[in-house]
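Below: one structure, written as structure tokens.
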Amino acid sequence: MGQLNVIEGHYDASGLRFAILASRFNDFVVDRLISGSIDCILRHGGTKENITIVRVAGAMELPLVCKKLSLTSKFDGIIILGAIIRGSTPHFDYVASEATKGVVNVSLQTDVPIGFGVLTTDTIEQAIERAGSKAGNKGSDATLAVLESIRVIQKIS
């Protein structure tokens, strides 16, 4: 039996250019996600000069601006960050679903790796837990995912 050919990415941000696209809504959570993402890039060899932060109003604005960023060819990867917290109306379900679908479509259309770090939680406490306390930092997790995807795609290409 022959040996398997395994292609894996590695967490090396050196020489890579990133856009961190983040919503302003629920900024007390999103700002922590941004900090986690920046810290992750720097810990893995990236530089501040290769990080561009773009802010938009809310989650519904993320897909279009993500597409525009993808089409510039200025970025090796884009990290999408936001926090959608359930309220008492079905608005949460529509926003969470459409924002997610929109960002996935951008990635498939433009071939730019996207790390999706948009929290969808039932409570503010759950969001805070996922932005750097008990449940880690999902901004950092999304950044690791995009780093790995970039390096896997480089090996495949």
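Placement of Cβ uses the backbone N, Cα and C atoms for every residue, glycine included.
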Further binder of 5-amino-6-(D-ribitylamino)uracil named by Swiss-Prot next to A59, M60, E61, A83, I84, I85, F116, taken from the candidates F25, F75: F25
Recorded positions (H91, R130), the one with most neighbouring Cβ atoms at 10 Å: R130
Alpha-carbon distance [F25 (5-amino-6-(D-ribitylamino)uracil binding site); S88 ((2S)-2-hydroxy-3-oxobutyl phosphate binding site)] in Å: 17
Residue among recorded positions T89, H91, R130 with Cα closest to the Cα of F116 (5-amino-6-(D-ribitylamino)uracil binding site): R130
